[in-house]
Ligand SMILES: Nc1ncnc2c1ncn2[C@@H]1O[C@H](COP(=O)(O)OP(=O)(O)OP(=O)(O)O)[C@@H](O)[C@H]1O
């Protein structure tokens, strides 16, 4: 059976191509279904599992007890028949039956505790792996997220971890138990009757051949299922977060059609994988049946001729079943192992994405700064083919507000992403009070460089919690004081539950002006020396606009500020206006100086900053 049996429609190919681009690391590993299994991917989990080695050892001991008792059972039954039933020794029969009962109770106990302890350890290890993965994802640089769909990350964080759970919490030990049982049973069978045992073992090579071919097909097919669910999740995530645009452009029908296509493919790959995985068990059963028939026929003839005791034949037949039990289990576990191997590989892939922006070994805490910022000959690109900044030099003195203006794509957002070290520069240096930002710890840098994004990001929780987000130890009074300074206090008090009003999904229940003021209060409470602000361009009513402008003025007061300015009032009030074009500063100075110069700024001004997203109208309308 070939996995090519799962067909991709033309529409599917188009959709998959849309979600799979060269730099999208997770997408390309999702799509690569033929790659060789990387055994080293399992190595990454060893430290997590090793932490629970005592539980694992206890499980192995319990498993050995269980398996030993399980193997002894048929032997004792054979003994019971030959030595006690056939010799009509009723007292011995009573003793033996009692012993068998005790052994079976002990066997079930051992099995229960073995399953319990292994599942416990497996779940603990998995909990650690998920936390580790989450921490790793938080440390990854923005360039990883630029190239990765969140849905694909979620898929690995959730469904792949689920798959791994089954193997860690029970699968591995069951496999070991099956192997031990198999070896024990083979030994016992050989000891009981070499000829019958060898006859039974003739089927083993057939098993190997079946397992070999099955493994080849199943792994490809399991990879297909993981990649399909990853694509479904990526699409779901994108469509749900973009639901407003989808509904406003009436794309629901078309998107449902596209989603159906992906979902259908996901169904097909899963059904195909099920077809392949269901194949292995019946195949083992057929081979087991052939072996049983062989033993019963030849053993039966020997017993009829009197060269084999009946008890031994009964015990032997019981052993054949027990012999195939671990093989059956192994094939099922092998199935599980194949799936888990694919999941482990995908988790390993995420864990091995390097953290690009790391603190230097000798990084030091940035001391309390005054706020002098210098860009010295800064060179930067996101991809080598497209240079963004080609030697940018800029100095902003402590306490100054610099408004950065320029046409779209000029590099305004890039400059501020570099100052917070979301990306590392490729050449030159960025200095704060003379400290190169690459020499200090990121945590100490970001404590003193605050960012207020254009679209305030509010988290689920109360307004109070949202304001406190950047300084958890702030008291209620400090939260309210910050809100008062930026002019948010009155607005908040007028809300349903004041500061305790719950913010729903990213603050959708608040107006844009309210969201902006809350994010100003949050920034003010965190009290960074340097503030980066991407000025909002949304249209808000004149009254709120006035409050926002006043809040902004108070927020910027006494700090060094970089503002991607969109409102003329902000640009005019700035101490320094930096005009950027194609990643280079073409002019800088105050509003009046630049107008006098009659250059790039003057023409942007004359055009009403139309191409920069700024407007001469107050409040700004874009
Ligand atoms: N994450 C990214 N990955 C790759 N290229 C990027 C990325 N962000 C920006 N760019 C590119 O870098 C250049 C500068 O972009 P930047 O966002 O800094 O411009 P901008 O002046 O802020 O534009 P706008 O006013 O439209 O926000 C553009 O050519 C853009 O395509």
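Using the three backbone atoms N, Cα and C, a Cβ is placed for every residue, glycine included.
Fair warning: this is a prediction, and the values are worked out from it, not measured in the lab.
Annotated features, as they stand in TrEMBL:
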DOMAIN    57-339  domain 'ABC transmembrane type-1'
DOMAIN    373-607  domain 'ABC transporter'
TRANSMEM  56-81  transmembrane segment
TRANSMEM  93-110  transmembrane segment
TRANSMEM  163-190  transmembrane segment
TRANSMEM  196-217  transmembrane segment
TRANSMEM  279-301  transmembrane segment
TRANSMEM  307-324  transmembrane segment
Maximum Cβ pairs under 8 Å to the transmembrane segment (163-190) - stretch from the list 93-110, 279-301, 307-324:
307-324
Do any residues of this chain, six or more beyond the ends of the transmembrane segment (307-324), have a C-beta under 8 angstroms from a C-beta of it, and if so which?
70-71, 73-75, 77-83, 85-86, 181-182, 185-186, 188-189, 192-193, 196, 200, 284, 288, 291-292, 295-296, 299-300
For the domain 'ABC transporter' (373-607), mean pLDDT (0 to 100):
87
